[in-house]
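**Q** Quick one: the structure is below, questions incoming.
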Amino acid sequence: MPHFPSYVYVLFCVLVYIGVKRCFVREVRPVRPLLFPVVFVGLGLSSLGHLFPRAGTDAYAAAVAMLVVGTAGGWFHARRWRLQFRTGPEGLFVRLPGDASLLVTLLLTFAAETFIHYAIATSRPWAATGAFAALSFAVWGALVGMPLGRAINVVTRSIRHANGAPEEGSGSALESR
């Protein structure tokens, strides 16, 4: 694997574009933040399943454990956000603050996936070990868990808002961070 295929460069540019767009305030439907983590879970499981066909239960346990840790971290990160809600003819919208964490997550994921694929493609001896598989699954779990936790937090707070429950914490509902 002396060079990377051209689609890798295109994918990198697309991921940077998506991540930079998330650095700015945006207004979306409350379920929209769930789209990225759900796609991420599907693609990650498919990719890791193909890369490590003989991965044991320890690798999947590491993925689940780190998924829980990442989800908790994402939840606590989004808990600080001051969300704004707007109800219009199209339904409920939530205004999300600009946040560079998705850009960082995308870049870390790209780097990790590139490293994993490169290690396997170049037949590194340590890439065939169970420890490398478990570590790869754990990294995937943490990187998927962070945006999943943030998305679940936004959806939960949107449901509370739609039901008329007061926002947890202090501050105006129109205040944004």
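Backbone N, Cα and C atoms are what each Cβ position is placed from, and that goes for glycine too.
Annotations per TrEMBL:
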TRANSMEM  6-25  transmembrane segment
TRANSMEM  34-53  transmembrane segment
TRANSMEM  59-78  transmembrane segment
TRANSMEM  99-120  transmembrane segment
TRANSMEM  126-148  transmembrane segment
**Q** Short question: which residues 6 or more past the ends of the transmembrane segment (34-53) have a Cβ under 8 Å from it?
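**A** Here the qualifying positions are 59, 63, 102, 109, 113, 116-117, 120, 133, 136-137, 140, 143-144, 147-148, 151-152, 155.
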**Q** So, does the transmembrane segment (59-78) come close enough to the transmembrane segment (126-148) to give 3+ Cβ pairs below 8 Å, pairs being at least 6 apart in sequence?
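**A** Yes; at least 3 Cβ pairs under 8 Å.
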**Q** Could you pull out which residues elsewhere in the chain have a CB under 8 Å from any CB of the transmembrane segment (99-120), counting only those six or more residues past its ends?
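**A** Those are 1, 4, 8, 11-12, 15-16, 18-20, 22-23, 36, 40, 47, 51, 77, 81, 126-127, 132, 136, 139-140, 143, 146-147, 150, in sequence order.
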**Q** Under an 8 Å Cβ to Cβ limit, what residues of the same chain, 6 or more beyond the ends of the transmembrane segment (6-25), are close to it?
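**A** Contacts with the transmembrane segment (6-25): 95-100, 102-107, 109-110, 114, 176.
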